[in-house]
């Protein structure tokens, strides 16, 4: 209801009864009541207007929020598209920063790898030179040792051949084959025809060396003693006197090889031990035991590094004598 409607006078009734008496106090009360009614209606109208304005304001605020949110989304999307474009072009700051860090790490790893390669190459070259020198030295040592061993073997074979020759000369008479005297009997008439003997002819006499070198040398010395001429007996010596006792045999030493060691004169000798080697002609040599075999030992002279082979039998018979000496 508008304010004009509130202020317009009410329509008069069609047929009104007789007017009552007029009193000024009643008129004032009537005006006061009308004023109260108008003020009440005005307050109601203001409240309705305020409610309507608040509703419109809420709708307007919601529209502004939606519009603002849409604007923020568009701005964010535009920023991401711009960053994507910069990334594809390679001009994005974050991309350049990370690429710079990766490039630095790459260069550092390449430098470390090159240093490691150089270090390993130098180490391999040093090892190669060292191994090459060791191989050359070992080759030269083996060559010298092989030469010495071959010379020693040839010398030993030469001595064996000389001993065989001497043995054949000493035992030549016993090797002569004497004809066997046979008697042929007359064949009886009923005896079968004799079948010729098809047995093989005996092989010519030959020496079978089934003895050790020490035993052979001992036998040779015995033969030499028997072969030497005997002195004639003195005519004044009575026949009943006992004969002069034979020369006492040579002194024998205890010598043997066990577990790669030489046991000689109540002492043990091993490989690489420094010794003195004395021969029967009073020659004293400074030597080192280079190896210990089954029946012999090899010694190396410290003066010229030549090697000699000494048999256990020679040590037992005293042909060579071994003495200890300090390694210095």
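All positions are counted from 1 along the displayed chain.
Each Cβ is built from the backbone N, Cα and C atoms, and glycine gets one as well.
Checking Swiss-Prot for region 'Sin3 interaction domain (SID)' across the ranges 188-226, 266-304 points to 188-226. Per Swiss-Prot, the residue from the list 39, 45 bearing the note phosphoserine is 45. For the residues 49, 167, the entry in Swiss-Prot flags phosphothreonine at a single position: 49. The Cβ neighbour count for residue 69 (SUMO2 cross-link), using a 10 Å radius and every protein chain shown, is 10.
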